[in-house]
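Single-structure report; data block below.
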Amino acid sequence: MELGIVGLPNAGKSTLFNSLTEAGVPADSYPFCTVDPNVGVVEIEDRRLDKLKEHYQPETCRGAPLKFVDIAGLVAGASRGEGLGNEFLSHIREVDAIVHVVRLFAGGEVAHVEGAIDPLRDVEILESELIIKDLETISRRREKTERMLKTGENKYREEVSYLDHLQEELESGRPVRLMDLNEAEEELVAELFLLTAKPTLFVANLSENKLENRENNESILEMRQLAEERGEELVELSATFEEELVELDPEEQELFLEEMGLESRGLERLKRAGYDLLNLITFYTVVGDEVRATPVPAGSTAPEAAGKIHSDMLENFIRAEVINFSTWAEVENMEAARSEGLVRTEGQDYVIQDGDICYFKF
Ligand code: GDP
């Protein structure tokens, strides 16, 4: 599962991406980590995992990985091929969800591409490019559907009406993900891989000195209102501040955060929000000398979860022994938990819950 970082030029995407990956894990921890400089895998901070680690003292401990892709190259007019144009848009098509970075910091070393700071205008510029692309996709589909209409089958007539609906709303500036769609329309949208259908969260990239007094900042309030109206997540941070934090050791970081009146690092808030945006939950495995946190889409079954550890385990799944972290934390002793009957045996239909500690038998 991948999160694509998008935004207008000089919004702070690369700064954010770099601080994410510098604070991240050594690349060789994850087999799917590539040498592509625009792709980074980071670990989610996880108190439950810390607790398991403290208890088991394993040789290796792996946090849940999350993959970010820095998608540069969007400028106004990208849908007409300006800038990296179509290349940029095809990268967006490949990611599962979007982190949309909006510039709220004034000044800085590089001027804003559009002159003054205006986050709502910037959101609209970027979204219109994606909307135009989606309209093109819909229009191509319509040509096909209209040819098929001649067969007289009802489903093609229905499809035209769905396409009409999507087109109309897109033309009014509404991203697909914010539309109220029926089931058949949802299916069509999934088939078309529309860009504005992807789950999205916003990052308000602030000046360092705006981190402290956010309640009186008009741009921030505008972004909060946009996010709230849409029911989308907004992460407020300063990319350059996060970059500085990464350089410090953990105690210094704590002090620095406290000084700024911040409760947590923006990067951690961003990672957590990205994880939730992808609808991921975490299960844990304690095997031999390794404790590991693994993400799965919410609703995954036990064999599907086992398959995330190793594909053999999906095919040859027999059963899982499961105890949720919250129960384990009460006893902190697997033997005691077993003898008290707190470890359950679950079959292939079991739906994994966030925080489950699993032993897969295969
Ligand atoms: P990109 O084009 O979106 O990848 O933007 P960059 O990450 O290259 O940032 C553009 C410029 O803005 C660089 O000079 C950054 O140092 C600066 N910048 C990025 N984030 C911040 C921030 O939070 N505060 C300030 N003051 N400057 C920033």
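Cβ coordinates come from backbone N, Cα and C, glycine included.
For 1-257, the entry in TrEMBL reads domain 'OBG-type G'. The annotation ATP binding site is assigned in TrEMBL to N10, A11, G12, K13, S14, T15. If you look up TrEMBL, you'll see 279-362 marked as domain 'TGS'.
Positions of the features from TrEMBL, shown on the structure.
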residue	record	contacts (Cβ under 8 Å, 6+ apart)
A11	ATP binding site	V101, V102, R103, D122, N205
G12	ATP binding site	V101, R103, F105, N205, A239, T240
K13	ATP binding site	I5, V6, G7, D70, I71, A72, V101
S14	ATP binding site	D70, A72
T15	ATP binding site	A239, T240, E243
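Counting every protein chain shown, 17 other Cβ atoms lie within 10 Å of the Cβ of N10 (ATP binding site).
Using the Cβ center of N10, A11, G12, K13, S14, T15 for ATP, the list of other same-chain residues with Cβ within 8 Å runs, in sequence order, G7, P9, L16, V101, R103, N205, A239. According to DSSP, S14 (ATP binding site) is assigned to a helical segment. Per-class residue totals from DSSP over the domain 'TGS' (279-362), listed helix then strand then coil: 26 helix, 33 strand, 25 coil. When pLDDT values are averaged over the domain 'TGS' (279-362), the model yields 94.
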